[in-house]
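Asks: The feature domain 'UBA' is assigned by TrEMBL to 294-334. What TrEMBL records for 6-24, 85-108, 114-132, 153-177 is transmembrane segment.
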Amino acid sequence: DKAPLSKSLLLVLSAISILLTLLFQHYQKFFAYNLQAIKEDFQIWRLVCGRTVCLDLKDTFCSSLLIYNFRIFERRYGSRKFSSFLLGAWMLSALFDLLLVEITQYIFGITINSLPSGFLGPVFALFVPFYSSIPRVQVTQVLGHFSITNKSLVYILGLQLLTSGSYIWILALSGLISGICYNSSILKVHRILCVPRWVAKLFSWTLEPVFSSAEPTNEVRVGMGATVDIQRQQRMELLDRQIMMSQVAQMRRQRQQQGGMINWNRLFPPLRHRHNANYQDHRPSEQGIPPPTEVSEEQVARLMEMGFSRGDALEALRASNNDLNVATNFLLQH
């Protein structure tokens, strides 16, 4: 929705790449990004064909997923500004491709006659506004130290695309440089390399009705996230919380039907004093008490959002060894 240019790039470029790979392999030579033919035979048209369509299906898959994730910029800036960025990054990255190849040959003595083909320069250039303008929201942690955010998957896709070819690092570097140059307020490149208004209107009248999509009606607009992706993440977290609470309620009804409740005091010794009046008589010695577990403030905040006090949240998380689900189940039962 509201990203017809991203949708057209994803569908058209992927379809051409698949057709060239599976059915029309004898035409692939016209879409090869051959630098030697460009410099020696002046085949300038290879700059257009070779820098638009991927000839490797792995590169097609990764670049299509990245274009799909970067559709957020078209929704935020509009199709004209987004297309201007792609056009400027495409033209600048073509220049930087040739410069980097010459620098590599001059410094390292490596002669590069061809580069991987595809719409890779503008795709890597989009990482610049993605890094600088998209907010970072932590989703979870791995091993307690490595944070997984809403942007991690995009960076992993970019790393996969970067390692798919031998000289694709040149395209990645030229794309990043072109993205920095286009976003720079000092160089003013965005004022020079832009799509004219009449061209944008022409495409909006002809192609936008073909690739436009209706606004989804099954998504409720909730949450105050800065972007659509963050709002969807908030809805997923809300749905997970509702499912967890319904499971706890169902478990409570089953225990009541069986004639008893779960013996939480057996599972949570530090919380036994909340429901056992004889706790002081059976308190273990101070030497046998393990040191308190460090509690994540983010999980404490999530429990407080559910309506629990900070003291109860801290106590439940320490007792459950920072297991948010177990701590929530205990607090809901008591």
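Note: Cβ is positioned from N, Cα and C throughout, glycine not excepted.
Nobody curates TrEMBL annotations by hand; they come from automatic prediction.
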Asks: So what's the average pLDDT for the domain 'UBA' (294-334)?
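Replies: Taking every residue in the domain 'UBA' (294-334) and averaging pLDDT yields 76.
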Asks: Pull the DSSP breakdown for the domain 'UBA' (294-334) and write it out as helix, strand, coil residue counts.
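Replies: Its residues fall into 29 helix, 0 strand, 12 coil.
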